[in-house]
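As recorded in Swiss-Prot:
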BINDING   Thr29, Leu30, Gly31, Pro32, Asp86, Gly87, Thr88, Thr89, Thr90, Gly414, Asp496  ATP binding site
Amino acid sequence: MTKQILYQENARKALEKGIDILAEAVSVTLGPKGRNVVIEKKYGPPQIINDGVTIAKEIELEDHIENTGVALIRQAASKTNDVAGDGTTTSTVLAHAIVKQGMRNVAAGANPIALKRGIDKATQFIINKISEYSRPVEDNKAITQVATISSGNDENIGKMIADAIEKVGREGVISIEEGKSTTTELEIKEGMKFERGYISPYFVTDSDRMEVVQENASVLITDKKITLVQQDLLPVLEQIAKTNKPLLIIAEDIEKEALATLIVNKLRGILNVVAVKAPGFGDRRKSILEDIAILTGGQLITEDAGLSLDKVDLSMLGQANKVIVNKESTTIISNANENNVKARCEQIRKQIEITDSSYEKEKLQERLAKLAGGIAVIKVGAATETEMKDKKLRLEDAINATKAAIEEGIVPGGGATLVHLANDLFNWAKGVLKEDELIGALIVEKSITAPLKRIVQNEGKNGAIVVDEIKNLDFSIGYDASTSKFVNMYESGIIDPAKVTRSALQNASSIAGMILTTECLVVDEMNRNMEVRK
């Protein structure tokens, strides 16, 4: 296919057109009075969306040149979403503002490379200031406020996420499922859960719920296949029978003959036992079994450690406060050795840091979450499929923002933090930078007021007036667009995670700098005649 090549100002202007289109479509959703965007779907009903990155992903323009601009600015939103999970609209608005200001200066003769250096230095200055001003999240109230703001000011969602984090811990898993009613509900699943159920229904102790429930159980954990009870398990089973304690057996597999012996002993009341297959596959299976051993304070019976089943004694077994096994899953609730569990969690965190594989990272995070604090499931309720999708997107944003706040702290929201830091940036840049680098820094100084201006504009008022007013007020004071008043943002609960604000600016300035230093654009040339014939 033939290519179309554009140079210098023509290339930058062509990109700017696409950027303008995407930025306008996304920025209408910003703030408490932001509007929704309706997206036509090829299959199924149209989708009503208030989420910046989802809108950005859906926009494809017919003009290849303009579409390149869309794709570039989309990167800022996507990267912010990957890192912080929220702030995608803010990132798009910031990138658009920096590009617009930068284009004017490049057209007036400024050196794009020097401008980019100034933009990068100014961005780093602001990032350091955000870190300096951020407050740690210390209580449930702050978590509720962050989640409420990020979910589109839905207080019920905010409280639900705060409750979930309180119950499963700050590293616990919060998953979202489609509910079966019109109300959104929170369900907490305590302890460590893995997706393996009982091998036989004959182990069931609660026939109404078809579950095995054991209190104060011993846990035998092995990566071996159990073939014969007499050969493999008899010594330990005799010891367990004397204690009258229930027994959970987790093994690679249990052969029919061994399984039959266990069931007979269970039905005769000699032994309260349940057997499940080990979760996972390959090396991951062994790691998960080691996690379970650490959680319960037991030992993994494996030949690698020189241990065999016929030599097992009671001291090698784990202990669980409660075990619940159904057809599909096993839940172990145990607080046998908290210090060892914490050490294991730290070890998994280090593995997460050094691994490059996103799949491996995801699996390690799952293991960490299961060890660290259990699972919270939010069952989303809605009257229609369209509402369901919108609610799920808002919930995802809220959960991500909350975790980001816990990680790096909080700052005043509603665009106020960046407006307050504009004065600091101006004074610093004037004293440190010169010529085109200074112009680059001042581009950032003007651009970081854009999110607040857009929030006020979406409310139907003049953003420039509000920005000038806020610059002269205390750092904690900002503009509440829902009430049109200047308020203490911390007291009013209008707060943003520092990580979201930082990531939004970092990714916006990175992409904008790349666009400003573009001198040539090569795209596929559209065949106009072919388009007409179609």
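Every residue gets a Cβ built from N, Cα and C, even glycine.
The number of other CB atoms found within 10 A of the CB of Thr90 (ATP binding site), across every protein chain shown, is 29. All protein chains considered, the CB of Asp86 (ATP binding site) has 33 other CB atoms within 10 Å. As a whole number, the greatest separation of Cα atoms within the ATP-binding residue list Thr29, Leu30, Gly31, Pro32, Asp86, Gly87, Thr88, Thr89, Thr90, Gly414, Asp496 is 17 Å.
In sequence order, Val26, Asp51, Gly52, Val53, Ala56, Ala77, Ser78, Thr80, Asn81, Ala504 constitute the residues six or more apart from Thr88 (ATP binding site) in its chain with CB-CB distances below 8 Å. Taking Cβ-Cβ distances under 8 Å and a sequence separation of 6 or more, the neighbours of Asp496 (ATP binding site) in its chain are Gly87, Val146, Ile149, Ala401, Ala405, Ile410, Val411, Pro412, Gly413, Gly414, Thr417. Within the same chain, residues at least 6 positions away in sequence whose Cβ sits under 8 Å from that of Thr29 (ATP binding site) are Arg35, Asn36, Val37, Ile49, Asn50, Asp51, Gly52, Ile55, Thr89.
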